[in-house]
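> Okay, handing you the structure first.
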Amino acid sequence: MAEMDPDGIIATDPRNNYDRKCLIIRKLLKFNPKQVFTWQLVKTVAMGQGLAVLMCGTAVTSQYLASDYHVDAPMLQSFMSYALLCITYTTALLFRTGDGNMFQILKKRWWMYLLVGLVDVEANYTVVKAYQYTTLTSIQLLDCFVIPVLMILSCWFLKTCYRPVHYISVCVCLLGVGAMVGADLLAGRDLGSTSDVLLGDGLVLLSASLYAVSNLCQEYIVKHLSSVEFLGMVGLFGTLISGIQLGVLEHNNMANIQWDWRIGLLFAGYALCMYTLYSCMPIVVRKTSATAVNLSLLTEDLLSLFCGLFLFQYTFSGLYIVSLVIILVGFVSFNAVATTPNPADPITPSVGWKEGGYDNPDDIINEEVVVEVLEEQEEEEGECSGVSWNQRTQYEEVPAM
């Protein structure tokens with residue numbers, strides 16, 4: 001006689017196993033690529049690569065400042081980008097009324113944004129500082145540490161459940177990074193210092209961990225509170241912290257800068273690229289996740305290399321194209337399947353519209369009713385292929401509270 005599990009389901013009945021196999025076969029036969037490769041996925045890939053282009057702009061302008069004009073003031077560059085955020089988004093919060101006003105936000109959550117601003121500023125500073133002690137190859141490899149750290153933190157705090165395809169996709173992206181580093185070594189582009197490799201590698205790992213914490217906080221805030229609130233508070237505290245650090249650590253470097261219109265233009269280009277990156281990233285994070293955004297940014301080094309072929313006479317290698325394709329394949333496969341909230345802590349219709357990450361109360365829809373309607377439509381069409389990626393992510397991407 002077949003045994004019963006605690007839920008009363010027959011676990012060892014051969015007929016159940018046969019039914020499961022038949023169901024899997026039917027799903028494979030009725031698989032429709034259009035349900036996976038949707039316009040939503042195309043827009044996600046395009047937005048991710050748009051962020052990578054902006055990161056490439058910051059890298060190119062920084063390279064010009066360092067190589068052609070011998071400017072060593074990374075904190076000044078960060079201060080300018082934070083100041084732009086403060087001028088626009090913090091000012092917008094200042095003129096808001098009610099709970100969205102800047103003073104009300106500071107009254108309730110000033111400590112949280114102080115920590116987020118501190119983590120974000122130091123993440124930017126430590127990775128730039130690492131170039132003085134270790135090589136570019138080590139930085140490119142160890143900087144990927146942000147992805148596994150972010151996935152672990154997302155599972156712990158945001159209750160995100162990743163499927164096997166997501167772990168495989170991350171491994172594919174990291175394989176592409178390995179191909180890029182191999183191309184750098186073959187091309188003799190192992191730049192950087194080796195004065196203290198252990199310290200430099202430790203700074204890179206610290207920076208990656210800080211970036212993971214910053215991105216995790218960003219995902220939580222933009223999905224549960226407000227993107228403008230996040231940008232305004234990061235701009236405010238980032239300006240204060242980077243300004244203090246700039247005056248303490250880089251006042252001599254600032255005094256040694258031989259200012260002209262070219263250097264001013266490069267500083268402005270860097271600040272505008274970073275400002276646009278900070279402004280657009282919450283949009284992509286809200287539609288996908290912080291992990292997906294970091295996977296898309298892996299192509300930034302490759303885009304910088306392609307620009308360097310024309311601007312800095314870098315040596316070309318076919319492995320660069322191979323690594324770009326591998327990273328894009330991993331990124332597409334990661335976003336083709338939705339992450340799900342933890343089954344032990346599901347999203348319920350009783351969650352408030354602010355707590356659930358919606359822009360207005362009309363966006364709250366009972367997921368069970370929607371799935372029921374979709375199943376009825378599929379039965380009328382004679383198909384049982386399940387809910388599409390776009391339909392699933394519309395409700396599953398918001399972390400459970």
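Every residue, even glycine, has its Cβ placed from backbone N, Cα and C.
Got these off TrEMBL a minute ago, pasting:
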TRANSMEM  36-60  transmembrane segment
TRANSMEM  80-98  transmembrane segment
TRANSMEM  110-127  transmembrane segment
TRANSMEM  139-158  transmembrane segment
TRANSMEM  165-186  transmembrane segment
TRANSMEM  198-218  transmembrane segment
TRANSMEM  230-249  transmembrane segment
TRANSMEM  261-280  transmembrane segment
TRANSMEM  292-312  transmembrane segment
TRANSMEM  318-338  transmembrane segment
> Cβ under 8 Å, sequence separation of at least 6 from the ends of the transmembrane segment (230-249): give me the contacting residues as numbers and ranges.
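That would be 75-76, 78-79, 82-90, 92-93, 102, 105, 109, 113-114, 116-118, 120-121, 125, 218, 221-222, 278-279, 282.
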> Hey, would you say the transmembrane segment (36-60) packs against the transmembrane segment (198-218), going by three or more CB pairs under 8 A that are 6+ residues apart?
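Touching, no - the transmembrane segment (36-60) and the transmembrane segment (198-218) miss the threshold of 3 or more Cβ pairs under 8 Å.
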> Any chance you could find the range in 165-186, 198-218, 261-280, 292-312 with the most Cβ pairs under 8 Å to the transmembrane segment (80-98)?
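Stretch with the highest Cβ contact count: 261-280.
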> Does the transmembrane segment (110-127) come near the transmembrane segment (292-312), with 3+ Cβ pairs under 8 Å (pairs 6 or more apart)?
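Answer no, regions not in contact.
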> Count, for each of 139-158, 198-218, 261-280, 292-312, 318-338, the Cβ pairs lying under 8 Å from the transmembrane segment (165-186), and report the range with the highest count.
318-338
> List, by number or range, the same-chain residues at least 6 past the transmembrane segment (261-280) whose CB is under 8 A from its CB atoms?
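Answer is 47, 50-51, 54-55, 57-58, 61-62, 64-65, 69, 71, 76-78, 80-81, 83-85, 231, 234.
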